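Okay, structure first, notes after.
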């Protein structure tokens, strides 16, 4: 396996990508106490406001984006500091294991494990058990949604107060939804890359990427079963004006399905969870960007949550593209709409 990765130059690609996205080491923050710890053997970074507080604070578990392949505590340092300072909350940033070295469900298990540890030790961090929130962007939004679903039915732990999903990737059944067609070549996430990352997370390799993009990886009966949740019909018309072709999936290829059938597990593709799980989910905030292949994943999940009576605050960045939040104040770049999105997240947090 490793040899294949080397031969295709994939390893060097990933190593280089990780190096580029490292993020700079920041100095001390006068307003925050920042500690690197381990929760159930998972590395985390905890941000606590230094100011005294009238009572216990909100607690936020933050799962970073990066296609399950990139990203680290340092990459998201500025975002986490900002969230902690501006919303006066304790933030726990989780360093889950990355693909392709660690395949699904490693990232999900690490996020769940760190969350359980935090929920069992809230007092230690001065956190209010009634106000714990999971939050993530992109692949991190996927992980936050999966963790939230897993905890939805558990009675012996504090219930999550909310989930914040920032342009999450939530399904790998259909890479031809309107947003995938319209934004296939828009940085920072091309259509091909979305399938590539999903396959690296699932299998540690990107074999059969072409078949997955064309839709030959899902049996017709399953396609039919999931059509009520994953379908362009559930996307509001105003999102289809930029040109969408109704595409018929190519013929089903059984051996491809054999290698990717876990795409139908909700821990990997939360959009496929049953209604009985979805209706137990906490209040939700979903941020979508117009110029993002994952836009429709967010829109479809918003509809599912609303159909199941879950309150949803939705914020759409008309001029946003995928990854814009992580570029908040990044190496001297800053995008006003990224800051706008981040401030909406902070306002939502303050309302909880």
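The backbone N, Cα and C atoms fix where each Cβ goes, and this holds for glycine too.
Same-chain residues at least 6 positions away in sequence with a Cβ under 8 Å from that of residue 138 (active site) are, in sequence order, 65, 66, 67, 166, 167, 168, 169, 189, 294, 322, 323, 326. Residues annotated as active site in TrEMBL: 138 (among others).
Long-range Cβ neighbours of residue 292 (active site) (same chain, at least 6 residues apart, Cβ-Cβ under 8 Å): 167, 179, 183, 186, 189, 320, 321, 322. Look at TrEMBL and you will find 292 (among others) tagged as active site.
The annotation active site is assigned in TrEMBL to 322 (among others). For residue 322 (active site), other Cβ atoms within 10 Å of its Cβ number 27.
For the domain 'Alpha/beta hydrolase fold-3' (60-207), the model's pLDDT averages out at 97. The domain 'Alpha/beta hydrolase fold-3' annotation in TrEMBL covers 60-207 (among others).
Residues annotated as domain 'Alpha/beta hydrolase fold-3' in TrEMBL: 251-325 (among others).
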